[in-house]
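J.: Sequence annotations record features per position, and here Swiss-Prot assigns 5-amino-6-(D-ribitylamino)uracil binding site to Phe24, Ala58, Leu59, Glu60, Ala82, Val83, Ile84, Asn115. Residues or ranges marked as (2S)-2-hydroxy-3-oxobutyl phosphate binding site by Swiss-Prot on the basis of sequence analysis: Glu87, Thr88, Arg129. The active site, proton donor annotation in Swiss-Prot covers His90 and is backed by sequence analysis.
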Amino acid sequence: MDHGFYPTNLEGEGLRIGIVQARFNEPVCEALREACVAELEQLGVAGEDVLLVTVPGALEVPLALQKMAESGQFDALIALGAVIRGETYHFELVSNESGAGITRVCLDFNIAIANGILTTDTDAQAHARTREKGRDCARTAIEMANLTAALDGLQDHGQDDENE
């Protein structure tokens, strides 16, 4: 059986990327951002095509993402932050609600969002994951921006032409 295949496309040239970074657990979040921005540049995204905004914490990230999505100015968005377990239920609340909010914005506004909000048990775990997670978010945002653009062009794929 023959089938179509869309290969992974990590070409970032010409893409506009919005980044929302939480400031809570700032050293971790800054390391995430540095790795993410470096990878975006490595993959061809121009500095002037990246907009970074910061918010107090992970729970504020979805609203900023929503405002960016509403603008229609971005091909993909990236959420960066760190939620580190403490001694209360707050960890679960922040982790679950920020993740659900990010997913809702993604689906409501039909825009790719790379979720780089780390959820770890310790500071050491968070620091150990910053570099790879930051780079992964850049790659995910670019890949999904290119994929969604390609899929937008598939409106009639697989449908028989009624005029034949």
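Cβ coordinates come from backbone N, Cα and C, glycine included.
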J.: Quick one: among the binding-site residues Thr88, Asn115, which has the most Cβ atoms sitting within 10 Å of its own Cβ?
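T.: That would be Asn115, with the most Cβ atoms nearby.
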J.: Counting other CB atoms within 10 A of each CB, which of the recorded positions His90, Arg129 comes out lowest?
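T.: Checked His90, Arg129; of these recorded positions, fewest Cβ neighbours within 10 Å: His90.
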J.: At a 10 A cut-off on CB-CB distances, which of the binding-site residues Phe24, Leu59, Val83 has the highest count?
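T.: When each Cβ's neighbours within 10 Å are tallied, Val83 tops the list.
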J.: Take the Cβ of Ile84 (5-amino-6-(D-ribitylamino)uracil binding site) and count every other Cβ within 10 Å, whichever protein chain it belongs to.
T.: 19
J.: Here's one to test understanding: among the recorded positions Glu87, Thr88, His90, Arg129, whose C-alpha is closest in space to the C-alpha of Leu59 (5-amino-6-(D-ribitylamino)uracil binding site)?
T.: His90
J.: Distance check, please: Cα of Ala82 (5-amino-6-(D-ribitylamino)uracil binding site) against Cα of Thr88 ((2S)-2-hydroxy-3-oxobutyl phosphate binding site), rounded to an integer number of angstrom.
T.: 16
J.: Expressed to the nearest Å, what is the distance separating Ala58 (5-amino-6-(D-ribitylamino)uracil binding site) and Thr88 ((2S)-2-hydroxy-3-oxobutyl phosphate binding site) at their Cα atoms?
T.: 16
J.: How would DSSP class Ala58 (5-amino-6-(D-ribitylamino)uracil binding site) in three states?
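T.: For Ala58 (5-amino-6-(D-ribitylamino)uracil binding site) - judged by DSSP and reduced to three states - the answer is helix.
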J.: Among all the protein chains here, how many other CB atoms are within 10 A of the CB of Glu87 ((2S)-2-hydroxy-3-oxobutyl phosphate binding site)?
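T.: The answer is 6.
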